[in-house]
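Working notes, beginning with the structure itself.
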Amino acid sequence: MDYENKILQKYNLCNRCYGRIYAKLMRMGNKDRGTSIKTVIAMNFEEKLKDLIEEKNNLIDIISNSQDINENEEIDENTKNNEDTENKADDKSQSNEEKIQEIDEKINIIKENLTLLRKTGLNGIKNEYIIEELLKDDITREENESEENESNIFLTPEQKCPWCKDVFNIQNLEEIADKIVEALSEYEFDRFLIGTRLPKRIKELEKDLETTFNEKNTESLRNEFGRELGKILTKKLEKPVDKETPDIVVMVNPYNQKIYLQINPIFIKGRYRKTKRGIPQSHWDCRSCRGKGCEKCNFTGKQYPTSVEEIIAEPVMNIAKGSGEALHAAGREDIDVKMLGKGRPFVIEVKEPKVRKMDLLKIMDEINKIEGVEVSDLEYGVKNDVRFFKNEPHTKTYCALVSIVDEELENHDFENDKIVELSEKLENLRIDQRTPHRVSHRRADLVRVRNIYKAWCEPIDEKSFKLTVYCDGGLYIKELISGDEGRTKPSISEILDIPCYCKLLTVMEVHDENNPANY
């Protein structure tokens, strides 16, 4: 505890801020805690002061009595005027005066500390224990030239406090709260959280308290300010503070009343089916103009007229009125690939929505009116759903139409028996697949291990067959078939010893806990 007032000597902290230094001790408000601690310190100083004053008075009495005795004492002619006795008395008197001087120095130090406590907001200290001159602010001649600084004499301890600068003043809190209510009026939300931005000098002060003075029980002003402002806003907004999942985080600088809104996104999850080829999963900028708009893209800035993302997001954004959106899916299919079965799991993230509560069934109906994409199982999700879809391994079932390169038919024996045998050879087969050439511009050049668990091959004619595989997600099926110039090993072309390619590909199922594989 700061019984020597070292902290107050460096920082003239008000009662609230002084209590915040010891915020982790005792369950009470910082202002009450600070007042209580200062009171105990003041009582300790006053007790020492009383003892010193009493000791000083006793010494004064001793000196006074000694002087009276010396004046009335008869000189003994037979003892050479008793010079030795007088010298001893003078020495003793001088010693007592030195002690009084030392006591006065101690008394002055204690009074300086008591004056400092009064100056920083502690009432109840006796006036005789205060050094009046120290109560006045030491304003230099240059400072006096400024009207603003001349008024410093009339500032409260809180306004003078270098830590809080009186930001906890109820008027300041109410003004900030009213600004926040106005800023939030255009947003729909159920829960909120207050965040506090501190100026650099305040952060440095807090760090100094922790390092220089080794105070480990300190609470940052940002925590207390957020707590106090949150109480006022809870009543004004009639909505609760939520530290875990707030819809909106209100960032406040309490020193200049600036407000910043962090509107957290909403997440809507479901599954989509792509029943038409030629639709990419996400928006593609025009290759010629890079999204700026040109004759080739009919000034749309898009390489393709639409995408799965745009079809799903448009009706959502029309209602939510967000600033942007992003589609997160469990993998992706190529533009020329269908996505059938129960559909691919996805999450649509709406950034900074003004409306959070929507009729998802109605939105689902709107999406399903558009040819080529269907959605199902729409419901509200959370941010963790995005991580799950991105990181959780999914197994998948594909169906491919495999064709043999025409010019190679004459040079290779293609028999139906080989196709039937291929099913057995592919089952439980490990595939080492280096990043395909066609995606090497956007994916790291690595060798990835994937597994085929089950395969079914069915001949169609003398140069094509149907291939169905149940395998790990992330296995490039087109390259599994072609071999990609040896980058995928083994490949179907290698096993059959005849060059093959994928003519058509369809994702039949994306398997997860809600859609397990039953093979």
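Every residue gets a Cβ built from N, Cα and C, even glycine.
Quick look at what Swiss-Prot annotates:
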type     : residues       : note
REGION   : 70-98          : region 'Disordered'
COMPBIAS : 77-98          : compositional bias 'Basic and acidic residues'
DOMAIN   : 144-265        : domain 'THUMP'
ACT_SITE : ASP334         : active site, nucleophile
BINDING  : TYR398, TYR476 : substrate binding site
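For the pair the residue listed as 'active site, nucleophile' and TYR476 (substrate binding site), the Cα-Cα distance reads 10 Å. Under a cutoff of 8 A between CB atoms, and with a sequence separation of 6+ in the same chain, the neighbours of TYR476 (substrate binding site) are GLN433, PRO436, VAL439, ASP484, THR488.
Residues near TYR398 (substrate binding site) in space but far in sequence (CB under 8 A, at least 6 apart, same chain), listed by position: LEU467, THR468, VAL469, CYS471, ILE477, LEU505, THR506, VAL507, MET508. According to its DSSP assignment, TYR398 (substrate binding site) is in a strand.
Following the DSSP three-state reduction, the secondary structure of ASP334 (active site, nucleophile) is coil. Cβ neighbour count for the residue listed as 'active site, nucleophile': 16 (other Cβ atoms within 10 Å of its Cβ, all protein chains included). Confidence across the domain 'THUMP' (144-265), taken as the mean pLDDT and rounded to a whole number, stands at 90.
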